[in-house]
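Presented below is the structure to which this report refers.
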Amino acid sequence: MSSSVVSGTGSLLRIEEALVSEAAERGSDEREALLPLPLAPAQDSEIGNGLSTSRSLLAFMAPALLAGIIVKAFDIAFLSTSYARIASDLNHFKDASWVVLTDSICSAMFVPLYSYLLKSLGMKRMIFVAYGSFAFGIGLCAISTSFGELLGSRLVVGLGSSGITLLSMIIINEIVGMKQLAIWESFVTCIEMATSMAAGPLGASMYRRFTWHSVFYLELAFSILGLVVLSFSFANIKSHPQHAQSVLAKKGDSRVPRIDVEGWLLLVLAVCTPLIALTLGDNFLDWTHPIEILLLVSSPIFMFLFVLFESKAAKAPMFDMKPIFKIPYLRVLLQVFFVISIFNSILSITPPYIQVRAFDGPSFEDWALTCVFLGFPAGAILGGYLAKAETLSVPRIMLANAALLQLSCVLYLTRAIKPESARYSPLLFAFGFCIGIWQSCLLYATLSTTQKQWWPQTLAMYYLVETFGADLGTSMMSTITRSVAKSGIRSSLGNSPETERIITEAMQNLQSVRLLDEKSRAQVLSAFEHAMHTSFFLPCAMAAAVVFLAASMNMFPVGKTGHELTSEDHEHGDGRNT
């Protein structure tokens, strides 16, 4: 994509130590489009009215974007709170994590395709595909009657949700520009979290009063409304000549490029193989089974082959792998992976953890995640403000926040946080606050460590890594819990056919434990609690890795010794040279 050019000068722009300053000073035109579509030469009057044009575009697109963001956030929050109960009702408690994993896996697979096809098919077509697929998938969820049907429906939801996330951020950047992106990302996060705070209790209430299908019917109504609003938004943009050169009005060349089928299949294998291996392990197959060993060994091999094929062999690669091999970008990308893994691993284990710890009494289950979601926007606003104000460099913000994240994980591990009790809501809020700061800093730091022509694919890679990290964190917590719980139950009740029956029924529906005698019930619940508590070692270990990576960013900052442009930088147009 085209680089930003500072007119009337011939010198290099100054490189700041902070990642934020480096990105902000790559060009004076902060509203330069992310998409490499040809624009007509700007007239003086158009330049003078740039701000009003942006406000007009924002007024047209904001309702449509908000509709998609809100219904997607509602869906995620409802499932985060109720997925274990839904799976239990469908007699698949042991496979509960797949209710949220299925659409997330599909999202990871299709994010790069949205980025890849965007230039050819145009923003309008692609965003309608995203909204339409999401609405259709939600409709299928509403009429699902079995666990398999629900998982199939979630696949379609994932096809749409991946596009909603990626395209919304590209549109926002097109309108407000890079310098304002962190603030607007914070605003979007606030909308998402406000929706999530309402979705958890409202969805749980509708679930208890009616069925879980009723919640999906409500989501379907909002999804259809979003499609209607989206149609009106693009109709308004088309009717205003001043928006004719906007990326939002471009239809693309309508020629579908050659699809990188081989690379896409390798991506599917790289994403799905480790998740399938973790699901089969100690569930359908022993960890020592040849198929299980083959899957575990193949997982990193497929990841390596995907990167190698895209960088060396693909004729039309989905990703340009050049920025991935740069140390500053890798450090940020690894932090994206670990932070989102931590967040989703704790988020996914909290509802069943509360169910087990407060099995026979009142609990804070409906509101525990709401407290986390409440802290999220507060942290996102602070992180966005600090990134924009540049009062502290982003690496220093990330290092301080990494220490806070490590502390939160240790509190979970030491049982200092008891999510079933309302007394611990401030600690739940603090955890969400910490993740909110990460949300603002990581996206900005990701773009700051890559050249501008790579930003569309950088965003796609960001969301791919984010989604895969979320899936892997959720799956690993589920696997650890399942394996340790089975071992604990066998240790308490002995190895017998009756014990295996109890394990099978408890893994299908936790409420079956109520049919056991008081002593056996206490032992089974204790085994589940111990297993879930053991799984908190995983986020603690990942948090330590985040601290190390954040510290390395401060010890070896970008531009510390003066970054020199290579011939490759000049060839691709770094934007710091005229």
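Placed from the backbone N, Cα and C atoms, the Cβ positions cover glycine too.
Under the heading domain 'Major facilitator superfamily (MFS) profile', TrEMBL lists 61-562.
The feature transmembrane segment is assigned by TrEMBL to 57-78 (among others).
Here TrEMBL flags 98-116 (among others) as transmembrane segment.
Counting residues 6+ beyond its ends, the transmembrane segment (128-147) has Cβ neighbours under 8 Å at 68, 71-72, 75, 87, 90-92, 95, 103, 114, 153-164, 167, 213, 216-217, 219-220, 223-224, 226-227, 230 in the same chain. Per TrEMBL, the feature transmembrane segment maps to 128-147 (among others).
The feature transmembrane segment is assigned by TrEMBL to 184-204 (among others).
TrEMBL lists 216-235 (among others) with the feature transmembrane segment. Within its own chain, the transmembrane segment (216-235) is flanked in space by residues 60-61, 63-64, 67-68, 70-71, 74-75, 78, 124, 127-128, 131-132, 134-135, 138-139, 141-142, 206, 248, which lie at least six positions past its ends and keep a Cβ under 8 Å from the stretch.
Under the heading transmembrane segment, TrEMBL lists 264-281 (among others).
Within its own chain, the transmembrane segment (287-309) has Cβ neighbours under 8 Å at 262-263, 266-267, 269-270, 273-274, 276-277, 280-281, 321, 324, counting only residues six or more beyond its boundaries. Annotated transmembrane segment per TrEMBL: 287-309 (among others), in sequence order.
If you look at the transmembrane segment (329-347), the same-chain residues 6 or more away from its ends with a CB under 8 A from one of its CBs are 80, 323, 369, 372, 398, 405, 409, 412, 431, 435, 438, 442, 445-446, 449-450, 461-462, 465-466, 468-474, 476-477, 535-536, 538-539, 542-543, 545-546, 549-550, 552-553. Under the heading transmembrane segment, TrEMBL lists 329-347 (among others).
The transmembrane segment annotation in TrEMBL covers 367-386 (among others). Distant neighbours of the transmembrane segment (367-386): 77, 80-81, 182-187, 189-190, 192-194, 196-197, 200-201, 347, 350-351, 354, 392, 397, 401, 419-420, 422, 425, 428-441; these residues of the same chain sit at least 6 beyond its ends, with a Cβ under 8 Å from one of its Cβ atoms.
Taken from TrEMBL, the feature transmembrane segment covers 398-415 (among others). Here the transmembrane segment (398-415) has Cβ contacts under 8 Å with residues 335, 339, 342, 346, 383, 427, 430-431, 434-435, 437-438, 441-442, 445, 533, 536-537, 539-540, 542-544, 546-547, 549-551, 553-554 of the same chain, all six or more residues outside its ends.
As annotated by TrEMBL, transmembrane segment applies to 427-447 (among others). Tertiary proximity for the transmembrane segment (427-447) is limited to same-chain residues at least six positions away from its ends with a CB under 8 Å from its CB atoms, namely 19-20, 23, 169, 178, 181-182, 185-186, 189, 193, 329, 332-333, 335-336, 339, 343, 346, 368-369, 371-384, 386-387, 394-395, 397-398, 401, 404-405, 408, 411, 416-417, 419, 455, 458-459, 462.
Per TrEMBL, transmembrane segment is recorded for 536-556 (among others).
Sequence-distant residue pairs (6 or more apart) of the transmembrane segment (98-116) and the transmembrane segment (264-281) include at least 3 whose Cβ atoms are under 8 Å, placing the two stretches in contact.
Within the chain, the transmembrane segment (184-204) has long-range Cβ neighbours (under 8 A, six or more residues past its boundaries) at 66, 69-70, 72-78, 80-82, 168-169, 172, 176, 215, 365-367, 369-370, 373-374, 376-377, 380-381, 383-385, 432, 436, 439-440, 443-444. Confidence over the domain 'Major facilitator superfamily (MFS) profile' (61-562), given as mean pLDDT on the 0 to 100 scale, stands at 79.
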